[in-house]
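Peer 1: According to TrEMBL, the protein carries these features:
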type	residues	note
ACT_SITE	His173	active site, proton donor
BINDING	His173, Asn174, Ala175, Val176, His177, Asp214, Asp323, Gln374	AMP binding site
BINDING	His177, His213, Asp214, Asp323	Zn(2+) 1 binding site
BINDING	Asp214	Zn(2+) 2 binding site
COMPBIAS	413-423	compositional bias 'Low complexity'
COMPBIAS	440-449	compositional bias 'Polar residues'
DOMAIN	97-419	domain 'PDEase'
REGION	413-449	region 'Disordered'
Amino acid sequence: MYFLILRGAISYDSSDQTALYIRMLGDVRVRSQVGFEPERRGSHPYLGVDFRTLHSRAESAGSIPARRIRRLFSFQRHLLSSRLLRGVPHLNPLHILDEDYCGQAKCMLEKVGSWNFDIFLFDRLTNGNSLVFLTFHLLNQYGLIELFQLDMVKLRRFLVLVQEDYHNQNPYHNAVHAADVTQAMHCYLREPKLAQSLTSFDILLGLLAAATHDLDHPGVNQPFLIKTNHYLAALYRNTSVLENHHWRSAVGLLRETELFSHLPVEDSLSIERQLGSLILATDISRQNEYLSRFRTHLDENDLCLGHASHRHFVLQMALKCADICNPCRPWELSKQWSEKVTEEFFHQGDIEKKHKLEISPLCDSEANTIASVQIGFMTYVVEPLFAEWVRFSDTRLSQTMLGHLGLNKASWSALEPEASGSSEEGESEPGRATEEPSSRALSQGSQES
């Protein structure tokens, strides 16, 4: 066992609008020393609130009750993946796909570096296994499987268990989001500055961190866990609760599958530590901390990618960009993600109402709209981050992302008055549909970088 000392908390100026918005997304608490221990999968009971209602949906008569717990226990998931790898068929085998669909998925992987990559289509073509197929393909494409002598069976099992530990009932924080972030990370790793400087070890860390950065996400945010007295909040002392849990869960799977057991102990521990450093950087409450540091480096022009610490910091910034890059995607993809994340926010708000808890900001469906949530997120979180990223890497891809960001923000701004108007006229015109902006107005010129 070893220990990681977390850095002190950063305080925000209450007059700063950006800081206020970020604090709405995640509560900032005092950081302290936290002992490292990988977490066991399937061992996280929720306290204070009956979480069986978290993902309940109206179901037709005669169907499985909504309150039934749909997550498999740890030993069941282990058995499932083990049977799969031994070639024993089960109801939904990962490797058996319709030949036509499998061929189309392979064709899509040939363009996995395109910013227009449709992860939703790819997930359908792979029968819901986009994270496994995409991550495995990228690790192989970069030559990392051979270079690090990764056991194919252990790697496959690790990726299967990672995908299993994402909650597919979450509208947003699920395995498809993880696959999307991994694909975006691949695009950034191929940018000239990074491609010329990153080592194979850096690339391995970046891809693994992207694939596991939201592992076992419960579909609610940190303030919710704190006010419901969830034991994870107490375990991590209200500090980067979710990110610490994602990291420990990822390490638990690495150790369970013994993916790096053939490496020297110091190397495997180094992988775990640096993986944690990358995942912890995705904590939205620390956005200003990382952004200020990034801006200072760019102002002083002192980023030297020949230094391992500077390369690691750039990897942290790349993962942060990949994690919130949805507003920078083409409208057809960006709009779907916006709807999904807002659905998850509003679902949390409904639970808070039901249990008479204070409704978290952005989670009240009566006070917010998809458009208002997205405009605020783009203005105070996405635009400042990507403005600095473009300063660091001013490439065709970066300009494409900024172009989509501006067009998508304009599209949501155009929809916002209509949303307000339709709510006022809802009783007189209940069947009126909100007109969407034409996708043809958006740039479709982004090519594979």
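Even glycines carry a Cβ here, placed using N, Cα and C.
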Peer 1: Can you grab the distance from Asn174 (AMP binding site) over to His213 (Zn(2+) 1 binding site)? Cα atoms, rounded to a whole Å.
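Peer 2: A Cα-Cα distance of 11 Å.
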Peer 1: I'd like to know which of these binding-site residues, Asn174, Gln374, is least surrounded, judged by other CB atoms within 10 A.
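Peer 2: So among Asn174, Gln374, the binding-site residues given, the one with the fewest Cβ atoms within 10 Å is Asn174.
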Peer 1: If you count Cβ atoms within 10 Å of the Cβ of Val176 (AMP binding site), leaving out that atom itself, what do you get?
Peer 2: 23
Peer 1: Once the chains shown are all counted, how many other Cβ atoms turn up within 10 Å of the Cβ of Ala175 (AMP binding site)?
Peer 2: 24
Peer 1: Please give me the CB contact count at 10 A for Asp214 (AMP binding site), counting all chains in the structure.
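Peer 2: Around the Cβ of Asp214 (AMP binding site), 25 other Cβ atoms lie within 10 Å.
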Peer 1: Using Cβ atoms only, which residues of the same chain lie under 8 Å from His173 (active site, proton donor) while being at least 6 residues apart in sequence?
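Peer 2: His173 (active site, proton donor) has long-range Cβ partners Tyr166, His167, Asp214, His217, Gly219, Glu344.
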Peer 1: For the domain 'PDEase' (97-419), would you mind checking the mean pLDDT of the predicted model?
Peer 2: 96
